[in-house]
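Undergrad: According to TrEMBL, the protein has these features:
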{"type": "COMPBIAS", "residues": "A:674-683", "note": "compositional bias 'Basic and acidic residues'"}
{"type": "REGION", "residues": "A:659-683", "note": "region 'Disordered'"}
{"type": "TRANSMEM", "residues": "A:65-84", "note": "transmembrane segment"}
{"type": "TRANSMEM", "residues": "A:111-133", "note": "transmembrane segment"}
{"type": "TRANSMEM", "residues": "A:139-160", "note": "transmembrane segment"}
{"type": "TRANSMEM", "residues": "A:172-193", "note": "transmembrane segment"}
{"type": "TRANSMEM", "residues": "A:218-241", "note": "transmembrane segment"}
{"type": "TRANSMEM", "residues": "A:262-282", "note": "transmembrane segment"}
{"type": "TRANSMEM", "residues": "A:328-353", "note": "transmembrane segment"}
{"type": "TRANSMEM", "residues": "A:374-395", "note": "transmembrane segment"}
{"type": "TRANSMEM", "residues": "A:401-424", "note": "transmembrane segment"}
{"type": "TRANSMEM", "residues": "A:445-463", "note": "transmembrane segment"}
{"type": "TRANSMEM", "residues": "A:469-487", "note": "transmembrane segment"}
C-alpha cells in the first residue's frame, strides 16, 4: 500500500496514522494545554493594548487606572475558570456551553448559546489573524503596510489547509505555544530583573510621546463609563476559555479532572502574562492612542497618518530586549504564530459544535457523522468567507474588530453559568449524601457568583460597545438563530410526516407482487450484467425494455437479442419524438394502473466513470429517467454499476476522501467506546 | 387538467398542442418559406452595403463595378440553389451537408462540415443581431448609440426565450418575413415607378457626400483583388441557403419536391431583392465608406467620429419613401425583426445539428433524444456565450463581423457539392435505366459545376479575408473539430471496453446467489417501505443493517425493532468514529470475501424532496454511501423512494420540464413514422 513518494512525507509528519487508531491519540495535559489554550493565551497579545487604548481617550493621566482594570480582569478570569471547572466535572461529554444551556434552560437558550459561539468562531478568526499580522508587522514592516491583503491571504491559507484535511496535531500546537509562553515569561522576568535589580530605565519606543486627550478631565459618570469600556476591552483576554469544556472527551483519563487542572493552569498563565505585560507597559512608558494619527504627539506634533502603532507586547519587548534583537524577533514571530494557531482553533471548533448541533437537528444531519468532507467543507468556507468579509470591511484593524468580539463569549458564559445553577438545584432535590450535598452547594455558589459576574459584564459590554460594533455580532447571532430554527422545524415536520404508525400494516400499502424491468439500449457487458442481477432477484416477472429512439439501432438490438437467445423477453417502446423518459414513464404507469397493488422494480445499468467530463458523456439519459421514476409511486430503482477502466482514478480519489481527517477530530476525541454487545459484528 | 389561468394563454397562443400531436404540424410551403428563409432573405439587409463598402476603398468611381458584382452573386446564388435542389432530392432525411459529406467523403470531411456549420451558427447570431440593431438604429437613434449594449441585450433575450422553450412557430415567422419581403418589393417598385415613370430625382441622405479614396487609381492585380473582396462580401447574401436541406422532414408530402420548390422560390426572392437594392442605391447616390469618420466627406470635410453610417437598405428607403415616413419606419422595423428571427434560426439549428452529431457519437448521446432540456440548455448557452463574446469584441459592428462569416458557409457548400458528385458517380455504376441515368448525369453536372464554383469562391474568400478576420472562424472550426474527435474517441474506447463477447457466459462472471441488505437508521415509513420492497424481491438472504453513530438512537432502534416484531434480522455495525460509509463498505466487502460468487443488493430508502435546499438536509449520507458502493464490485444499489409532501412541487416542475419544447422541433420534423410491428406496445 505504501508508495515510495510517501517516504519524505513520513519523515516530515511521522508514521501514517490509521484513522481507526485515532483512539490512541487521547491528549496528555502537556499537549492538551497548548491545543486548547492557544486561543485564550494568545489574547494577551492584544488585550492589554486595548485597555490602554480606551484609557488614552482621557489622556495619559488615565493610564494609572490600568492596574485596577487588570485586577478586575484577573478576578473575572478566576471566577470564570472556577465556574468552568464545575462545568467540566458535571458535563464530561464535551457538549460545553450549548449542552449546559440546552439541558437546563431549554432549547431556546441552547440555540442562543450556539449562535453566540458560531459568531465568536468567525470573530476568533478575524481578530486573531488581524492581530497576528500586526505583531508580525512590528518585525517585518511590509506585512503591516499591506495589512488587509496579508490577513486575507493568511485566512485563505488556513482555509486551504483545513479543506485539504491537515490533521490538528497536538505537537504542532505545542511548540509555538510553549515558545510564546516562555518568551513572555522571560520578558517579564528579565524586565523585572533589569528594572528592580539593575535599576535600568527601560524605555518603550513611544516613551517620549505624549497623548492629546480627546476628552480631558473626565469625571463622574463619564469617567466610570470610560473605565467600564476599558474593562470590557480587557475582557478580550477571556475569549476561548470555554474551549476546554467542549473538549473533555479528548483528555486522557481521568478526563474531567485532567480537564479541570488544565483549565486552572491556563487561567494562571493567562492572568500572570496579562498583568506582567500591563505593569511592564506602565514601567516602560508605552503610549497608545485610539486615533494615533492625530492624538499621539511627538515633540508636540501629531505623528500623522503614516505612523504605525505597534502592539503593546512588541513595544514592551523592544524596551526590555532592545528593538530588532534576536529575542525581540523570536517573540514577535512566536506571538504571530500563536495567534494564527488561535485562528485555526476556530476551524477545528466549528465542526465540533456543528456535529453537536446536527445531532439535535439544528444543522444538516450529515454534519453529525465524522469525515463527511463535503459537509465540513461548506462549513469551513462559510466560516472563512464571513471572516474575510469582516477583515476586509474593518481593514484588518484588530482594535475595531474587538468591539464585535466578547459579546458572544459573555452571552454563552452567562447562560451556561445560569444553567449550571439550575443543574445543581435539580440535583440538590434528589441528593441525600451530606458530603455530596456540601460539594454541590459549594459548586452552586461558585456558578451563581460566576453567572452574576459574567451577566454583569455582559450588560457592561452591551452598554459600552453596542454602537461601537457589538450590534454586528448580535445581528450575526440572530441570523444563525433563525436559520437553525428553520432547519429544526423542517426536520420535525418531515419526522411527523414519515413517523410509522403503531400497527405495522395499515400505513404502507404492502405491494403483493413485483414486476421487474431492465432498461436496455444495446447488448453489451453492462446490460448483460444488469440482466443477470435482475434474474438473481427472483421477482414475479421480468422483462427487458428498450425505447426506440433510432430505428436502425433498435433493429440491431432485436437481432442481437435473438442471436444470443437471451431468454428474458424484450419489449420495444415506440418513441416518435426520440424521447426516452416519457414513453418509459408512461409504460411504468400503465403497468401500475393494470395492477395497482404490484410494485415495479427498474434495473438501470450505470457506468462508473473516473473524470467529471465523462459524466457529461454517460448516464445522462438514465439519470434523468431515474429522477422522474422517483416521483412515480410504487417504483424502486436499482443501479447496476459497471466500472469503466477510467473509474480506477475516481476510486482512488474516493478512498482518499474517505481517509480525510475532519478538522477538530483531535479536540473532539473518540466516541465513548461502544458496549461489547453492540459492537459485535457477525464475521 | 385545464386550469382557469390557462384561458388567457389559450387565447394568445391558440389551443394547447399536445406534444405527441407534433406530427400534425408539418409545414406547408407558404409557412416553410418564412421559417427557413428568414436567414438568407434577411442577409439582403447587409450584403449590398458590404459590396459598396469594399468598393469605396477605390473611391466612388469604383461603384460602377457594383452591378457586375451583383450579377456574379446572382449567378452564384442560382448555382447554389440548383445544386441544393439535387441534395434535397437525394438526401430527404434532413442530415444536410453533414450527412452528404459524411456519407460520400468520409467522417473527416463530415466533421469538417459540422465544425464549419457550428461556427456559422455562432456568426449568424452575432451578424444578424448586430445588423438588426443597426437597422433599428436608423429609425431609433438611441439604439445605435448604445449598439453593443442593445445587441447583447437582444442576444440575452433570445437566449432566455429559447431556454424557457418558446416553441418555434411557423406563423410567428411568417408575418414579419412577409412584411419584410413585401416592403422591399414595394420599395423597389415604387422606386422604379418614381424614377422611370414620374422622372423624380430621388436622393439618398448621403447623395451629396463624396468619398476620399484610400487607394485611388487602382488597376491591374490590385483592382482585381479589390473586386474579388467586394464579391466575397456580397456572398454574405448566400448564408443560410443550406438550411432547407436540413429541414426536409418538416415539409408536407411530397417532401423533397416541396423543399426543392421552396428553395427555388427563396433563391428567386433573394436575388431580386439583392439586385433591386443595389440598383436603387446606385440611382439614389448612396455613399458608404469603410472608415466613414475620415473617408466620407461632406462639403469637402470629413464627417468625423460622431457620424453614424446607416445601412444601405435604410438609406434607399429614405430616398424612395422619404426619411421618417410611415413606410420607412415600417420597413426599418420589419428589417430589424426579420434579422432577429434570422438569429433565432441559429438557436433552432444548433440542436438539430447537435442531435445528428450526437447520433454519430461526436457529441454527448443525450443530445440525440428530444426534449432533454439540460443538454439543449448547455448548447444554447454555449452558442449565446460565443456570440456575446464576438459582439463585444467587435463592438456589434456587422461589417467587421461579416469578415468572419462566409468562410464556414463555403466550406460546407464545397464539401457538400463534391460529396454529391461522388454520390452520383456511385449510383451511376449500378443504375441501368437510361432515363434515370440521364437525370443522374444532369444532376452530376449541376453539382460538379456547383462544387467548382463554390470551391473557387472559398479560395477567393480565404485569400481576400483571411487577415481581415476569417482566421478567427477557422480557429473556431479547429476547436470544434478537435473536441468532437475527442468525444468520439472516448465513446469508441468505451464501446470496445464494454462490447459483449460472443459467448454470453464467459465474460460476466455470473453470480450464483444474492444477499440483500436494507440500510436502516430509524423505524419510520420510508424504512418500512424499503423493507417491504426488499422482501418482495425474493433474494437468497435478507437482513437490515444500521450503523451505530449514536448509542441512544441505536438503542431506540433496537427496541422499536423488537416491539414491532419485524422479522428481518437487524445487524448493528460499530462505528467508533461516527462514520457511516466506512463501516458499511467494509461490511459489504467482508460479505463478498466470504462468498465471492454472490452478489450483494443494497436497498436504500431515499427521500424525494421538492426544493434544492432540502437536498442539503436529506439523503446526503445515503448518496455518499451509494457513490462509494458503486465502486465496490458485485454490488447493486436500489433506491426505494419516499415522496415527501414537499416533493409535489418538484413533481410539477419535472412534468413541465418534460413537456418543454426543444428549440428546432418544428424545423426538425417528426421521426419517420415507425413501422407497425415495431410500434406495437403490449397493452
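Any Cβ shown, glycine's included, is placed from N, Cα and C.
Owing to the predicted nature of the structure, the values given are computational and were not obtained by experimental measurement.
Give me the structural setting of these features: burial, nearby parts and distances.
TA: Away from its own ends, the transmembrane segment (A:111-133) comes close to residues 39, 42, 45-46, 96-98, 101-102, 143-144, 147, 150-151, 154-155, 158, 236, 239-240, 242, 311, 335-337, 339-340, 342-343, 345-347, 349-350, 353, 357, 362, 383-384, 386-387, 390-391, 394, 396-398, 401-402, 404-405, 407-409, 411-412, 415-416, 473, 476-478, 480-481, 484-485 of its chain (Cβ-Cβ under 8 Å, at least six residues beyond either end).
Listed by sequence, the residues of this chain that lie at least six past the ends of the transmembrane segment (A:139-160) yet keep a Cβ under 8 A from its Cβ atoms are 125, 129-130, 132-133, 308, 314, 328-329, 332-333, 340, 343-344, 347, 380-381, 384, 387-388, 391-392, 395-397.
Residues 30-31, 33-35, 37-38, 41-42, 44, 202, 269, 272-273, 276-277, 280, 283-284, 313, 316-317, 319-321, 327, 330-331, 334-335, 337-338, 341 of the same chain sit 6 or more residues outside the transmembrane segment (A:172-193) yet have a Cβ under 8 Å from a Cβ within it.
The list of residues near the transmembrane segment (A:218-241) in space but at least 6 beyond its ends in sequence, with Cβ under 8 angstroms from a Cβ of it, reads 36-37, 39-40, 43-44, 46-48, 50-51, 53-55, 57-58, 62, 65-66, 68-70, 72-73, 76-77, 80-81, 84, 120, 124, 127, 263, 266-267, 270, 274, 342, 345, 402, 405-406, 409-410, 413, 457, 460-461, 463-465.
Within the same chain, residues 29, 32-33, 36-37, 40-41, 43-44, 47-48, 51-52, 63, 66-67, 70, 73-74, 77-78, 80-81, 84-85, 88, 181, 184-185, 187-188, 191, 204, 234, 237, 241, 244-245, 251, 312-313, 315-316, 319-320 sit at least 6 positions outside the transmembrane segment (A:262-282) and bring their C-beta atoms closer than 8 Å to a C-beta of that stretch.
Residues of the same chain lying 6 or more positions beyond the ends of the transmembrane segment (A:374-395) and with a Cβ under 8 Å from any Cβ of it are 121-123, 125-126, 129-130, 147-148, 151-152, 155-156, 158-159, 162-163, 346-347, 350-351, 354, 364, 366-367, 401, 404, 476, 662-663.
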Undergrad: Give the nonlocal contacts of the transmembrane segment (A:445-463) in its own chain as ranges (CB under 8 Å, at least six residues past its ends).
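TA: Tertiary neighbours of the transmembrane segment (A:445-463) are 76, 79-80, 82-83, 86, 228, 231-232, 235, 406-407, 410-411, 413-414, 417-418, 420-421, 424, 470.
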